[in-house]
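Inspection log for the structure reproduced underneath, given as structure tokens.
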């Protein structure tokens with residue numbers, strides 16, 4: 001058992017040591033895209049200078065536009081920055097342009113390789129983040145331009161609508177004046193018609209009287225009619241002149257020309273808006289096509305990663321061999337730990353054995369004390385039972401002497417049974433706790449069982465003794481009397 005615990009402790013210690021040493025450097029060397037973004041906003045430093053060669057390509061076209069060599073060199077420079085800031089030694093080739101040798105030496109040490117691979121991965125995340133932000137800004141700018149164009153069109157439309165409303169009001173005012181003139185002319189024409197009708201009627205009457213007067217009046221009326229007709233024509237000509245004046249005024253004010261210009265501008269704006277919308281749709285289609293190309297490139301990258309993983313597995317096998325060599329260096333430490341743990345476990349087990357022995361001794365003492373107390377209680381109960389038997393014998397003698405005097409039998413039986421019941425109840429009370437502990441039966445249940453058993457025994461013995469001396473009939477009557485006495489005294493139990 002000690003050897004098994006020793007082996008488990010050594011394995012756990014080795015795994016924890018390896019895990020902590022590898023992950024502490026990984027946590028110290030890894031950068032997220034948000035952290036790189038934040039660093040690039042600060043004054044230029046080591047990390048910023050390492051990211052500067054690929055930053056513009058990342059912003060414009062994403063990680064796929066970055067040359068793998070540039071990405072590799074930036075990752076190496078970032079790793080060097082971290083090593084220098086942490087005070088960790090690193091291969092000298094990483095300070096020069098001999099990146100192949102640098103990467104090969106970084107792969108020999110898990111901590112170095114973790115830092116380099118984390119930076120290489122974070123560069124991809126950073127490029128994807130900044131390229132997407134750039135695309136987002138371009139789309140927001142395009143949307144802002146479309147919004148501005150639409151706002152200009154809306155403003156021009158409202159201005160045109162306002163001017164059209166003003167012109168409409170002016171035209172309605174002119175038409176109202178014309179309508180008033182027409183109403184006046186209508187009234188005059190109606191009055192003239194009524195006057196003509198009256199005159200015709202008068203003419204019909206006077207025609208026969210004076211034809212010459214009629215012809216003169218006809219000529220006069222014709223003259224008046226021509227005069228009125230000329231007046232109507234003049235009014236219409238005046239209205240036409242007013243209309244020409246209004247149109248000329250509108251032309252002079254440039255309202256008609258403004259309406260034509262607003263119309264042409266609206267058409268141009270709508271045409272520009274349509275062209276911008278078509279351009280936006282074409283850009284969206286091209287973006288979708290580019291996303292498809294990126295997905296295809298991702299598939300090829302995954303295939304390249306699979307081949308790279310195969311090479312990595314070979315390197316891992318080499319690393320395992322190196323770890324086996326390194327394991328011999330830990331052997332001395334393991335031996336020291338094993339001896340120390342063995343000593344600790346020996347002390348611990350000895351202490352546990354001592355405490356266990358003390359606990360067992362205490363248990364033995366407690367069991368012995370309990371058993372002795374139970375034996376003493378049993379002996380006491382047996383003595384009390386024997387005393388109760390002697391008392392019962394004396395009571396029985398009294399009982400037999402009572403039967404000699406038949407007249408006092410009920411009273412004697414009552415006294416006898418009552419004293420017997422008291423003794424029986426006392427015996428049961430004294431012994432029930434002991435036998436309930438031995439038989440593992442509840443005290444109340446055991447007391448009831450013993451009481452009813454003793455009562456039945458008493459009745460049976462009483463019936464047998466009385467029947468032997470007085471016969472079965474008298475015995476039956478006496479037993480009934482005893483049962484009545486017992487029934488009447490059950491509450492005293």
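Each Cβ is built from the backbone N, Cα and C atoms, and glycine gets one as well.
For the ranges 425-445, 446-466, the feature annotated in Swiss-Prot as transmembrane segment maps to 446-466.
You'll find the Cα of residue 383 (N-linked glycosylation site) roughly 115 Å from the Cα of residue 145 (N-linked glycosylation site). In the three-state DSSP assignment, the secondary structure recorded for residue 383 (N-linked glycosylation site) is helix. All chains included, 12 other C-beta atoms sit within 10 angstroms of the C-beta of residue 145 (N-linked glycosylation site). Other Cβ atoms within 10 Å of the Cβ of residue 383 (N-linked glycosylation site), summed over all protein chains shown, number 11. Confidence over the topological domain 'Lumenal' (23-445), given as mean pLDDT on the 0 to 100 scale, stands at 69.
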